Amino acid sequence: MWRRSSVVHVVDELARAQRRERWRVEVEALLVGLAWAVWSVRLELALVLVLAVMQRLVGGVLGWIAVVACVAGVVAIPRTRRFLGHLLRAMHVRRAWARATIDAGVAAGPFRCPGVWSVSRVPAGDVLDVHVRRGQSVADLDARSEHLAACLRAREVRVLRDRRNAARASVLVIRRDPFEDAAPVTWPSVTTERLSLWEPVPLGVDEQGEHVAVSLVERNVLIGGEPGAGKSAALSVVIAAATLDPETRVWLLDGKLVELAAWAPLARKVAGPSGDDALALLREVRDVMDERYRELLAKGQRKVRRGDGLPLHLVVCDELAFYLTVPERAVQKEFAELLRDLVARGRAAGVIVCAATQKPGADVVPSALRDLFGFRLAMRCTTPQASDTILGQGWASAGADASDIPGAQRGVGYLLADGDRPVRMRGYYLSDEDVSAIAERASAARADKWLAEGVSA
Ligand SMILES: Nc1ncnc2c1ncn2[C@@H]1O[C@H](COP(=O)(O)OP(=O)(O)O)[C@@H](O)[C@H]1O
Ligand SMILES: [Mg+2]
């Protein structure tokens, strides 16, 4: 009897201890939850507190009038309204981010979420400057990006690790396609009098609304994409920049003859669909390049430098595949060999090659030539494989797939240039009127330069 009651007593004691423990855990979770809820609305609470203090300080009806006047003042002034709107929105994004990281399994719980140091709004959505906590990694974030996107009800979440700090990442929460239904974006230098090709050339805008500019010196660019994707338009922007630099010599190869016709008066030489013309042009550029190397040797220099007085040469080839598939095999072969030579050796001599083609596959463009192009621009393609042929193997599966560009989005493409990964951007567009205005201005600048040199000579 005694034994039985003591066992019951022990069991009761144990059950009470378990209940106490459960209760303690629940109270703790409740307190953390409460603290967390208060912490997430700290800005809103602080604002209410400021108003409450103001009302108390002024007191009575006057106090309420002061509160109303203060709120009305903030709302009425566009700058303060925008500022407050931005602050409140940033807090909202932070809260959503924190919830998402907990639900997606990145953070173990409240106060363990990767911190958001700043939130900025961009055309595609929001960019978060994120710092992960001890024990977390940016790779974890990247691995859970699909879950995060689903929690945030976003189209996509892109995580870009800071190269200098493993704990820091720039997280792009893509909520909309900034290139959807957007009107063509005019080239910012459309009214500029003069440019220098030694400076980066603005090519387009990225998803964050930033200008994308690339320095073409010592670079070669390959543009690929289906017909109508915007390849010739992209080439036009590069040519415009080169012609606005009176020092630069432009060489044009245009398989269709009409695409680049407006720039013809500014070019050193133009080759149309004739294979022989194209070969003659490339041979001439090769001779210029060889001569340039002799000059560099004489000067004891290894490459052209800004201020040398040695002009840059831009060789533009639209419809590259056309020249590589002409019926005469000897022409095909020599064309590929000459172009490969220019792309391979031209960089240090100041020769820049920009080529566009619908089909950069190895059956059309020899890999030995294609692989030499440092910069790639993949505009809309039909398949992920075609996109990879332009950008390089593996990019389509890593999210840079030009076949996912909608057909209506002309001029949109993935640019693989100086950065680690391709940047989705919309190329600037020059209308026919813009092109003729720029060509006219460029001709005038070149004539002025020629006259000035003639007078001083
Ligand atoms: N960056 C752009 N922005 C807006 N529209 C563009 C852009 N690039 C091209 N387009 C439109 O697409 C059409 C086809 O462009 P084009 O450069 O001729 O294509 P491709 O050379 O690839 O066949 C142009 O006539 C123009 O209307
Ligand atoms: Mg074209």
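Backbone N, Cα and C define each Cβ position, glycine as well.
TrEMBL labels come from automatic prediction, so no person has curated them.
Annotated features in TrEMBL:
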BINDING   GLY225, GLU226, PRO227, GLY228, ALA229, GLY230, LYS231, SER232  ATP binding site
DOMAIN    209-388  domain 'FtsK'
TRANSMEM  29-51  transmembrane segment
TRANSMEM  57-77  transmembrane segment
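Across all of the domain 'FtsK' (209-388), the predicted model scores a mean pLDDT of 93. Around LYS231 (ATP binding site), the same-chain residues at least 6 positions away in sequence with a Cβ under 8 Å from its Cβ are ILE223, GLY224, GLY225, ASP318, ALA356, THR357, GLN358, MET379. Away from its own ends, the transmembrane segment (57-77) comes close to residues 51, 84 of its chain (Cβ-Cβ under 8 Å, at least six residues beyond either end).
Candidate binding-site residues: GLU226, PRO227, GLY228, GLY230. Those with a Cβ under 6 Å from ligand 1, in sequence order, are PRO227, GLY228, GLY230. LYS231 (ATP binding site) carries a helical DSSP state (H, G or I). Proximity to ligand 2 at the level of Cβ atoms, with a cut-off under 6 angstroms, picks out LYS231, SER232 from the binding-site residues GLY225, GLY230, LYS231, SER232. In this structure, GLY225 (ATP binding site) belongs to neither helix nor strand by DSSP; it is coil. Those same-chain residues not listed among GLY225, GLU226, PRO227, GLY228, ALA229, GLY230, LYS231, SER232 yet with C-beta within 8 angstroms of the centroid of the ATP site C-beta atoms are GLN358, MET379, ARG380, ARG410. Take the CB of PRO227 (ATP binding site) and look out to 10 A: across all protein chains shown you find 8 other CB atoms.
Residue with the densest Cβ environment among the binding-site residues GLY225, GLY228, GLY230: GLY225, by other Cβ atoms within 10 Å. Non-local neighbourhood of GLU226 (ATP binding site): GLN358, MET379, ARG380, CYS381, THR382, ALA386, each in the same chain, at least six residues away, with C-beta under 8 Å from its C-beta.
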